[in-house]
Amino acid sequence: MSSKKQAIFISSLVILWYSSNIGVILLNKFLLSNYGFRFPIFLTMCHMAACAILSYISIVFLKIVPLQTLKSKSQFVKIATLSVVFCGSVVGGNISLRYLAVSFNQAVGATTPFFTALFAYLATLKREAWVTYAALVPVVTGVVIASGGEPSFHFFGFVMCISATAARAFKSVLQGILLSSEGEKLNSMNLLLYMSPIAILVLLPAALIMEPNVVDDTLSLGREHKFMWLLLLVNSVMAYSANLSNFLVTKHTSALTLQVLGNAKGAVAVVISILLFKNPVTVIGIGGYMITVAGVVAYGEAKRRFR
């Protein structure tokens with residue numbers, strides 16, 4: 001592939017990654033807060049159903065990546081454990097969007113490196129260089145400042161967002177530990193293929209018990225709003241697209257490029273959400289978020305230099 005074609009191809013992947021990732025967050029917020037669809041567990045189950053079906057089509061029929069088969073019962077149990085943690089992180093994030101502005105949700109989500117470093121140390125007792133840990137100070141400080149300057153701060157929403165962020169970090173650390181042997185390693189697309197059906201089995205009873213009116217209310221909303229089913233479908237497909245495009249961008253770019261793009265993506269999501277939802281922001285809140293992002297950038301650079 002010529003350099004020009006490769007640049008266009010990678011640019012297209014980045015655009016797909018940004019649009020699907022930011023799009024699913026904004027649509028989640030719209031459905032859960034503005035549209036009257038108050039069922040974050042059921043919404044997550046829809047996402048997992050789309051991921052299960054589209055992963056199977058992508059891997060088995062389109063052969064985007066080779067199919068990796070499970071080799072043991074032990075490997076299945078490990079994947080099931082990861083799936084439960086993954087469910088917790090996604091459901092927690094969706095619940096938080098009912099109560100928090102997307103901009104503040106993204107600011108809290110940017111603290112993922114802090115929780116990753118914490119869980120990695122607790123699980124392996126391996127220490128990073130002190131400079132790496134020092135870079136985490138502004139990550140946490142920025143969120144504390146942003147919380148104080150958030151006009152629509154909601155304590156329960158904040159707790160759910162922090163919990164979702166911690167669960168996301170815990171899942172990445174757990175994945176590195178449980179699937180560490182060469183025979184058990186799966187690429188992210190095959191891992192999603194196996195995790196999604198397990199997630200559905202976990203989320204279906206949870207939705208029926210914790211969201212008892214979900215079926216009747218969803219059907220009622222569907223009759224009242226003719227585009228609701230289309231929104232749910234687009235939202236669910238975007239959830240898969242975000243995973244697929246993230247995998248492809250990771251495959252075709254360097255770790256440093258991915259880190260820079262990831263940091264910029266959060267900032268883009270914040271700006272777009274403020275423009276769309278018109279949620280009030282303060283100078284203190286914006287300043288806190290910028291401090292957090294600067295800390296995340298410094299942390300990534302410190303890890304790269306002092307590895």
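In case you wondered, yes, glycine gets a Cβ from its N, Cα and C as well.
Bear in mind that TrEMBL entries carry predicted annotations, made automatically and left uncurated.
Record features, source TrEMBL:
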DOMAIN    11-299  domain 'Sugar phosphate transporter'
TRANSMEM  7-27  transmembrane segment
TRANSMEM  39-64  transmembrane segment
TRANSMEM  76-97  transmembrane segment
TRANSMEM  103-123  transmembrane segment
TRANSMEM  130-147  transmembrane segment
TRANSMEM  153-170  transmembrane segment
TRANSMEM  191-209  transmembrane segment
TRANSMEM  229-249  transmembrane segment
TRANSMEM  256-277  transmembrane segment
TRANSMEM  283-302  transmembrane segment
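Note: the stretches the transmembrane segment (153-170) and the transmembrane segment (191-209) are not in contact (fewer than 3 CB pairs below 8 A, sequence gap of 6 or more). Remote same-chain partners of the transmembrane segment (7-27), defined as residues 6 or more beyond its termini with a Cβ less than 8 Å from a stretch Cβ, comprise 1, 47, 97, 102, 105-106, 231, 234-235, 238-239, 241-242, 245-246, 248-249, 252-253, 261, 265, 268-269, 272-273, 276.
Per-residue pLDDT, averaged along the domain 'Sugar phosphate transporter' (11-299), amounts to 92 for this model. Counting Cβ pairs under 8 Å that are 6 or more residues apart, the transmembrane segment (191-209) and the transmembrane segment (256-277) reach fewer than 3 and are not in contact. Here the transmembrane segment (76-97) sits against the transmembrane segment (39-64); at least 3 CB pairs are under 8 Å, leaving out pairs fewer than 6 apart in sequence. Listed as Cβ neighbours of the transmembrane segment (39-64) (distance under 8 Å, sequence separation of 6 or more from its ends, same chain) are residues 24, 28, 31-32, 87, 90-91, 94-95, 97-98, 189-190, 192-193, 196-197, 199-200, 203-204, 206-207, 210-211, 214, 217-218, 232, 235-237, 239-240, 243-244. Here the transmembrane segment (256-277) has long-range neighbours at 14, 17-18, 21-22, 25-26, 29, 34, 101-103, 106-107, 109-110, 249-250, 289, 293, 296-297, 300, 304, meaning same-chain residues at least 6 beyond its ends whose C-beta is under 8 angstroms from one of its own.
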